[in-house]
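Quick look at what TrEMBL lists:
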- B:CYS637, B:CYS643, B:CYS677, B:CYS681: [4Fe-4S] cluster binding site (BINDING)
- B:CYS681: siroheme binding site (BINDING)
- B:4-297: domain 'FAD/NAD(P)-binding' (DOMAIN)
- B:314-381: domain 'NADH-rubredoxin oxidoreductase C-terminal' (DOMAIN)
- B:418-465: domain 'BFD-like [2Fe-2S]-binding' (DOMAIN)
- B:480-529: domain 'BFD-like [2Fe-2S]-binding' (DOMAIN)
- B:555-618: domain 'Nitrite/Sulfite reductase ferredoxin-like' (DOMAIN)
- B:629-763: domain 'Nitrite/sulphite reductase 4Fe-4S' (DOMAIN)
Amino acid sequence: MSWIDIGALNDIPLRGARRVKTPLGCIAVFRTDEAEVFATANACPHKGGPLSEGIVHGRKVTCPLHNWVFDLETGEAQGADEGRIATYPLRVEGGRLLLDPAVLGRRAA
Amino acid sequence: MTNRLVIIGAGMASGRVIEHLHETDPGGWDITLFNAEARGNYNRIMLSPVLSGEKTYDDIVTHDDAWYAERHITCRFGEHVTAIDRTRKVVTGQNGEVAYDKLLIATGSAPFIIPIEGRDLPGVITYRDLDDTNAMIAAAAKGGKAVVIGGGLLGLEAAAGLSSRGMDVTVLHLVGHLMERQLDETAGYLLKKDLERRGITVKTGASTAAILGKDRAEAVLLQDKSVLGADLVVLAVGIRPETRLATDAGLDVARGIEVSAQMVTSDPDILAVGECVELDGQLFGLVAPLYDQAKVAAATLMGQGAAFVNRETATKLKVTGCDLFSAGDFADGDDREDIVFRDPARGVYKRLVLQGDRLIGAVMYGDTADGGWFHGLIKDGADVSEMRDTLIFGPAFQGGRALDPMAAVAALPADAEICGCNGVCKGRITRAIEGGADTLDDVRAQTKASSSCGTCTGLVEQLLAVTLGDAFDMDTPKPICACTDLTHEDVRRLIKAQELKSQPAVWQELGWTTPNGCHVCRPAINFYLLADWPVEYQDDPQSRFVNERNHANIQKDGTYSVVPRMWGGLTSATELRAIADAAEKYDVPTVKVTGGQRIDLLGVRKEDLPAMWADLGKAGLVSGHAYSKGLRTVKTCVGTDHCRFGTQDSTGLGVKLEQRLWGSWTPHKVKMAVSGCPRNCAEATCKDVGIVCVDSGYEIGVGGAAGMDLRLTEPLVKVETEAEAMEYTVAFVQLYRENARYLDRPYKWIARVGLDWVRDRLADAAERRRLVAAFDLSQTIYQKDPWAERADEDAARAFAPLADLTLEAAE
Ligand code: SRM
Ligand SMILES: Cc1cc2nc3c(=O)[nH]c(=O)nc-3n(C[C@H](O)[C@H](O)[C@H](O)COP(=O)(O)OP(=O)(O)OC[C@H]3O[C@@H](n4cnc5c(N)ncnc54)[C@H](O)[C@@H]3O)c2cc1C
Ligand code: SF4
Ligand code: FES
């Protein structure tokens, strides 16, 4: 199964995010630098806040509802808060964003 | 028997291949060398010094005619190769065929031409070879204006060269900072500053729409409709590997000609080197890796085993006075640690990026002496844990000097205004200190600095500390966040005094200890910049909280609430019908009357927002900014229109105030009310600005609140006319906007500066006029309905999910 093209890198503002709908729930796609992106679950483990709407700083995002901060690489909540968000393989190729098909519940061949 | 080797392209990479072949196996090859350019190999990277006049073409020739003759190379210069026939193993040049045993493609790359109108006009030049350089030199001899499109390495070298030849040069760069592939924002900012100091105009975030002109280029049109006159246009937006021959010959070509680590293409008799190749998905644009490739290609030709390994390359810019260095990967991240050193006084910025115990990236500006040493550590993957603490000071310095929290103040020029209230500059304060004023009170008495609103106290104390050293004991106030030692007030004063107009300017000139701030300081700095420089600064949505980015209030379930403005609490049947229709059309679960005299549509899906706004907009409804740090509502009562006690037209004044002030950004939200008489049915006495009408005029109170704190307004002034009431209100809001800390409501700010100070400022008619003018200027930019601006297809796309994969069946 090949990687899924979900759009162009430039569809995401620098230090911003977009969301992608999947059968298993929404995924947040972050752009932390000119050509650096991450994909994680969109829902905050605290009370479900949409992480794609948070402020992106470094390789972290701050949840818009109650300011929990997550590391986008490991998915771990930072500081005193405890929780983890799922992270998904995502890569940039020729300006396109390619997502691991595992997000659809199937494995990359 | 000698082998026939045909080489296409006499550039920097193939030149090295020939050298290696001759060193090891002189006479082993019968070489035919084609070059489209009418000359042999020269040092292409030195074209920039030729352009600027520091060198001549003769200085940069690497292989002259004698060199080729000695090696019995058949030179076919000025001749394009037009085809490769792989079955017959011949190459076709413009003047005939040559047979090969081995073929080397080294065609380099071609400038990328953006597909815009006017790109073919005379006077539009790219920057790749000597002919381009000579054409620019000739154009510059006539003087006039040059526009360089592209703020990367090539564009900036072209710009500097043309500028030193006397042209009036503007650089247009699409993204937010120069050389974004090599530099981070701060280094990009310093570079821009240096170029501007040399008289080059730099416009970032500038998208070119077309090149205008009849018979030749005359001007450049930007996407924002502005037009720049241009006698010469240089296109330097990037390069594309020159792969046409290889593609036509049926070789494997991706972005570049695909080669193995031995530099062999998909045809075992054809090799390729240089910028035209792609290896493991990578392209090459600097000479260092090309020289390594050349060595490998020569070895392969001679039947020796060798493999190309890509190494980190470093970048420098060959523009005198712009001292920059970058190497490796410097994106920030959590598994990475940044070491940042800034010296605003010397314009120095250094940033090292560590991952674990290794240095993986470095960006430096202003002082790049240690660049080579850092580059070595990156290339070798050296363990730097031992010297981590002093690493940033370079190999020579192992004592470790502490970063100076006072650097920003020390760096201020003598004429920088420290005390805005009394117009006192740094020079006057330091003179007073040097003359014996060694306490804050002495300085206040002698210069008046910090004797009014007091927000510059921190800066004055720092000046005392800088001037007196340890002799002065400073009580350290709370900094904004961990990125800086400065308080909100210090930063606000310094943004004004040093005319800092971008976030990277603030980070650098005020010595931020992080590369680009955090979620605490970014929104505050964004606000300060747009409040002080509404015209020059561009709002950064990524430094805003979700509500202000999406222009709606986020709910606990991720949906949004939509509150249209109802001016002064007035509405009409048409508006109500539009709201009702929207509520039905978008399945709004809850419709509620707010405490602010208007209607809230709660539970709207994000993707429905732009369409809903478009529908509401048709009925004349605009955003109520129920989500912003800006003007929220102006509540009114029915006043003289209907009420038997009304003394003045409270409804009318409320509507006028709301129409004047809506859309303005403020440090925190601002709420107002106008009541028609002291019965105060609009609850004006608990608002940020509350006006109570009386027979003889208008009583204006400020600093009320009814949220977490309950405050009664305090009287600011009583005026006779409605016009005066408007003037004072606008001036008050502007004074608050110019001086308050981000996230301080007016009552908190007034508690800091004192109501007397506020009253004094507003009592001064000239100051009032200035404040009103400054407010109105800012409104020319920000008083736009954000909903109308987002009620189109583009916004709909941006608000919708990037992709919807729910329909992709799971197999
Ligand atoms: C909708 C509304 C309640 C209502 O149903 O009436 C409301 C709703 C919210 N208020 Fe309020 N406030 C509303 C009138 C008020 C009032 C009454 C008024 O304006 O007359 C007050 C007290 C007056 C005042 O502000 O001093 C009020 C004091 C607050 C505060 C405390 C502010 C403070 O400085 O102490 C907050 C928190 C904040 O802003 O930081 C707040 C914050 C909020 C937020 C925005 C919380 C948030 O960030 O999500 C609520 C959004 C709910 C939502 O999901 O949309 N709301 N809020 C009212 C909208 C008015 C409007 O038309 O714009
Ligand atoms: C102004 C400028 C400044 C630069 N500064 C630096 C720098 O500071 N540091 C750095 O590392 N790099 C720099 N570079 C980049 C560097 O010059 C290139 O990476 C290098 O020249 C590429 O070498 P090459 O042999 O692949 O291609 P080239 O040197 O471009 O040689 C390719 C040759 O092939 C010829 N050719 C193409 N097609 C055909 C054909 N069909 N038939 C016959 N001949 C053909 C071309 O005419 C050209 O002469 C700079 C480049 C420029 C233009
Ligand atoms: S009082 Fe305001 S902030 Fe609190 S729950 Fe009600 S609407 Fe929300
Ligand atoms: S839902 Fe994310 S912090 Fe509460």
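Numbering starts at 1 and runs along the chain as it is shown here.
Each Cβ is built from the backbone N, Cα and C atoms, and glycine gets one as well.
Looking at B:4-297, B:418-465, B:480-529, B:555-618, B:629-763, the range that has the most CB pairs within less than 8 A of the domain 'NADH-rubredoxin oxidoreductase C-terminal' (B:314-381) turns out to be B:4-297. Ranked by Cβ pairs under 8 Å to the domain 'FAD/NAD(P)-binding' (B:4-297), the stretches B:418-465, B:480-529, B:555-618, B:629-763 are led by B:480-529. Mapped onto three states, the DSSP output places B:CYS643 ([4Fe-4S] cluster binding site) in coil.
With DSSP states grouped into helix (H, G, I), strand (E, B) and coil, the domain 'BFD-like [2Fe-2S]-binding' (B:418-465) comes out at 26 helix, 4 strand, 18 coil. The most densely surrounded of the binding-site residues B:CYS637, B:CYS643, B:CYS677, B:CYS681 is B:CYS637 (count of other Cβ atoms within 10 A of its Cβ). Highlighted in sequence order, B:VAL638, B:GLY639, B:PHE645, B:GLY646, B:SER650, B:SER675, B:GLY676, B:ARG679, B:ASN680, B:ALA682 have their Cβ within 8 Å of the centre of the Cβ atoms of B:CYS637, B:CYS643, B:CYS677, B:CYS681, the residues recorded for [4Fe-4S] cluster, and are not part of that set. Looking only at the domain 'Nitrite/sulphite reductase 4Fe-4S' (B:629-763), the predicted model's pLDDT averages out at 96.
Secondary structure of the domain 'Nitrite/Sulfite reductase ferredoxin-like' (B:555-618) per DSSP (helix as H, G, I; strand as E, B; remaining residues coil): 29 helix, 14 strand, 21 coil.
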